[in-house]
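Here the structure is laid out as structure tokens; the discussion comes afterwards.
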């Protein structure tokens with residue numbers, strides 16, 4: 001055996017006979033590197049067990065075995081784009097036997113990675129480096145079985161390559177069940193308040209038939225709250241029916257849930273566009289069938305996206321698992337094989353909407369503060385109502401959904417709770433906001449931001 005090492009790289013070279021009568025045992029650690037291990041030796045370092053089947057299947061009598069232990073942080077290697085998990089001790093183990101690629105082993109190669117008690121909310125996963133994944137390669141678990149333990153994790157893989165143990169953020173059973181209960185209860189309450197909100201907006205539209213701008217604003221709110229109502233309904237159907245549904249039904253339900261989510265995002269964007277027109281461009285000219293055109297975009301564009309995603313087979317059963325790989329719930333959603341669809345249509349789409357809406361919110365807030373400083377806003381509109389309108393707009397424009405970008409990581413459980421509670425209660429927030437603004441003085445200009453627009457642009461606008 002020959003051992004060598006550089007900074008971040010340690011190598012063990014072995015010549016193993018084809019007639020070997022036992023499995024080859026090798027120990028390794030991030031600090032000491034790989035070395036031969038006796039059959040009776042016990043250690044606390046990691047272990048590699050190469051089955052003798054590998055050597056008996058070779059054509060040559062002697063095979064060269066190369067075992068490398070790499071510190072990827074020092075070497076700057078094996079960096080996956082948008083990697084969610086963390087590599088254990090930044091250590092990657094590479095194994096090669098002979099000159100040919102070895103795969104499809106009946107007796108798998110076993111690697112035992114040692115570690116202490118893992119933090120709560122972390123699940124280990126045995127992975128190998130797949131150069132064909134993505135543009136620059138990535139981690140894959142195909143052909144590997146993970147067996148977690150108290151003091152370590154054993155990986156059984158049917159091929160030879162570069163392996164590591166990936167520590168992925170995950171939820172434990174109690175947290176996952178609590179989140180499901182909170183989301184279910186919140187969706188039920190939000191559906192009731194969404195119905196109240198729609199009824200209240202329809203009542204105002206009927207009462208003030210001559211105030212076209214007010215009717216347009218309320219029409220936008222009705223569509224946004226309607227999309228939230230459908231999304232909550234889709235979630236409740238999903239959590240109640242997906243466990244025993246047929247594959248075809250699950251695909252339809254997954255597509256319907258995705259459609260409702262995209263409708264919510266789209267109507268949030270349209271709320272931002274409408275607010276931008278009121279504050280910056282100002283609707284001084286009449287737009288024929290303005291609300292109808294917004295409805296075509298708000299309900300039509302998501303249908304087009306979902307239709308394309310459905311054609312390529314993106315929908316099906318999606319399992320939510322705990323750290324022990326126990327299935328908590330089955331949802332009809334975008335399958336794991338089509339996560340790119342989720343990243344583009346959900347994460348990317350909402351990211352663009354969020355940036356635009358926050359820019360609009362900044363412009364509205366800045367204009368409100370400037371006009372307050374000049375005395376344009378007086379009386380009871382000066383303090384609490386401006387703050388209430390700003391808070392309502394913040395919720396109306398979907399800012400609470402941005403918390404989803406903070407729910408990734410090993411300590412994200414509190415943020416997941418906040419995200420679940422706030423977004424399941426978004427319909428309640430909008431209902432309270434509208435009632436306070438428009439009732440009981442619905443005859444007057446409702447909301448200090450509308451007063452600002454009217455004062456600044458000499459147009460009657462009710463928001």
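Using N, Cα and C of the backbone, Cβ positions are placed for all residues, glycine too.
Transmembrane segment is the annotation TrEMBL gives to one range among 291-312, 313-334, and that range is 291-312. Checked against TrEMBL, the range among 142-160, 218-236 recorded as transmembrane segment is 218-236. Matching 112-135, 256-279 against TrEMBL, the residues noted as transmembrane segment span 256-279.
Looking up the ranges 367-385, 386-404 in TrEMBL, the one annotated as transmembrane segment turns out to be 386-404. Per-residue pLDDT, averaged over the domain 'GAIN-B' (26-173), rounds to 85.
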